[in-house]
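*Asks:* Copying in the features that TrEMBL gives for the protein in this structure:
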DOMAIN    B:33-105  domain 'Phosphoribosyl-AMP cyclohydrolase'
BINDING   B:80, B:82, B:84  Mg(2+) binding site
BINDING   B:81, B:97, B:104  Zn(2+) binding site
């Protein structure tokens, strides 16, 4: 299997052949994580409905939850205006983050912003 | 002004010195756009509370809405588990997308997913 020519033509891949993937919890709309996809990862995500990404550190396809069980059932995939990012809505089983938190943005602190009055 | 040494040390920049920025509508939790930040863009965002990014095409800092008036007032900035992505919650004035739609993911079609029964 491979991506349809129509879809492939819409993608604007970076120098490494990747597009960004923003992953949102379908139930809560929380942003769960940011990851990367090559063509195979996107095609696999669309055909299996399992969130599947490209691991830049391991240089291999990575089915989210394959080891941890924290899989993602994909409900919807949208592509952005310039074709370099996709937005996934998923049913997330367990925590999305490898650190065990619900999202990858659940650090203990927020970055310091200027006062509202500033 | 520059980023604090503590924050700077937490960032995992790509080969171009950039981190990803996912931007969410504070009121609706819709994902509005994906953009990129260098250190100056992040520092400017934190100190001015205006969503400020790095334009890869123009190779310059870009204050969102500076031309269009579709500015972003930043409510919250979080950093992800591995330091290569920030999540912004913003009050978006007008459409976030340069095409005039509310978000950059409001294309007319969703990508075709396998049947739920598959």
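A Cβ is built for glycine as well, from the same backbone N, Cα and C atoms used for every other residue.
Those TrEMBL annotations? Automatic predictions, nothing curated.
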*Asks:* Ranked by the number of other Cβ atoms within 10 Å of their own Cβ, which of the binding-site residues B:80, B:82, B:84 ranks first?
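*Replies:* The residue with the densest Cβ neighbourhood is B:80.
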*Asks:* Helix, strand, coil: count each for the residues of the domain 'Phosphoribosyl-AMP cyclohydrolase' (B:33-105), based on DSSP.
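*Replies:* Across the domain 'Phosphoribosyl-AMP cyclohydrolase' (B:33-105), the residues distribute as 10 helix, 30 strand, 33 coil.
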*Asks:* B:81, B:104: which of these binding-site residues has the sparsest Cβ neighbourhood within 10 Å?
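*Replies:* Candidates: the binding-site residues B:81, B:104. Fewest Cβ atoms within 10 Å: B:81.
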*Asks:* In sequence order, what residues of the same chain, 6+ apart, have a Cβ less than 8 Å from the Cβ of residue B:97 (Zn(2+) binding site)?
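*Replies:* Spatial neighbours, sequence-distant, of residue B:97 (Zn(2+) binding site): B:32, B:33, B:103, B:104, B:106.
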*Asks:* When the pLDDT values for the domain 'Phosphoribosyl-AMP cyclohydrolase' (B:33-105) are averaged, what is the result?
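*Replies:* Computed over the domain 'Phosphoribosyl-AMP cyclohydrolase' (B:33-105), the mean pLDDT is 96 on the 0 to 100 scale.
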